[in-house]
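As recorded in TrEMBL, the features of this protein are as follows:
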ACT_SITE  ASP56  active site, proton donor
BINDING   HIS57, HIS154, HIS182  Zn(2+) 1 binding site
BINDING   ASP78, GLU108  Zn(2+) 2 binding site
BINDING   GLY155, GLY183, ALA184, SER185, ASN204, VAL205, ALA206, THR207  dihydroxyacetone phosphate binding site
Amino acid sequence: NLETLQVVVETAAEMRSPLIVAGTPGTFSYAGMGNIVAIAGDLAREYNLPLAIHLDHHESLADIESKVMAGIRSVMIDGSHFPFEENVALVKSVVDFCHRYDTSVEAELGRLGGIEDDLVVDSKDALYTNPQQAREFVARTGIDSLAVAIGTAHGMYAAEPKLDFERLAEIRALVDIPLVLHGASGLPESDIRQAISLGVCKVNVATELKIAFSDALKEYFLQNPKANDPRHYMQPAKQAMKEVVRKVIHVCGCEGQL
């Protein structure tokens, strides 16, 4: 929304970091495609910041086609819930379309547990990425980046996760495109840094930002129960979220990259 886009763009500009802002189908449905593009575009121009709007966890070729035609140039097609051959076929169809419009495509092999938008994956159904299968998947689909499942999950963790860095290193040795780490909210900073050292080039963080924002907002209303002006009650929420954004940019090594 307006406030969260303001926070991430302003903070990235202050830290001289490039930025990818991602939205699920539910995000675009709620806020409106045109509104998101307009706000993000205005902020990027205001702060002279390289910013990409990315489609996260989209499952429909038709949905992706309409958004690419509206100007989006970075997409994730998620067919990870399908058997391997069906996943390959779906992803290949998206790649064939998107590459005609200079649009990069991310796809996922393996399945993360947790909740993302309306997609719920029980932990027992989560599957790690097979390195050999990853090589075949990349070769057959022509994707530009690969989201890997190495032990992360969407949402916050009930206990400290144990990431399979050996598996990540095997994937990196067989796959030469950028790797993507979903479910980074709540991960130890050392895990994020190690994942980056092993080939992860994009780190997805959402839940941690939303919790900081909503907790500060709830606390403000507890202290100020008669508050009714969003110009006031949004400020502490934005500041709390900003601190998390600063931490993530720093941990990922993006600070000063412009």
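Just so it is clear, glycine is given a Cβ too, placed from its N, Cα and C backbone atoms.
Unlike curated records, TrEMBL annotations are generated automatically.
Feature map: annotations from TrEMBL on the structure.
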residue : record                                  : CB count, 10 Å
ASP56   : active site, proton donor               : 24
HIS57   : Zn(2+) 1 binding site                   : 25
ASP78   : Zn(2+) 2 binding site                   : 26
GLU108  : Zn(2+) 2 binding site                   : 24
HIS182  : Zn(2+) 1 binding site                   : 27
SER185  : dihydroxyacetone phosphate binding site : 22
ASN204  : dihydroxyacetone phosphate binding site : 22
VAL205  : dihydroxyacetone phosphate binding site : 24
ALA206  : dihydroxyacetone phosphate binding site : 21
THR207  : dihydroxyacetone phosphate binding site : 20
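Between the CA atoms of VAL205 (dihydroxyacetone phosphate binding site) and HIS57 (Zn(2+) 1 binding site) there is a gap of 13 Å. The DSSP secondary structure for ALA206 (dihydroxyacetone phosphate binding site) is coil. For ALA184 (dihydroxyacetone phosphate binding site) paired with ASP56 (active site, proton donor), the C-alpha to C-alpha distance reads 14 Å. Comparing the binding-site residues GLY183, ALA184 by how many other C-beta atoms lie within 10 angstroms of each C-beta, the top residue is GLY183.
Nothing from the recorded positions ASP56, HIS57, GLU108 places its Cα within 10 Å of the Cα belonging to THR207 (dihydroxyacetone phosphate binding site). Under the DSSP three-state reduction, HIS57 (Zn(2+) 1 binding site) is assigned to strand. If you take the Cα of ASP78 (Zn(2+) 2 binding site) and the Cα of HIS57 (Zn(2+) 1 binding site), they are about 5 angstrom apart, rounded to a whole number.
Considering only the binding-site residues GLU108, GLY183, SER185, HIS57 (Zn(2+) 1 binding site) has GLU108 as its nearest partner by CA-CA distance.
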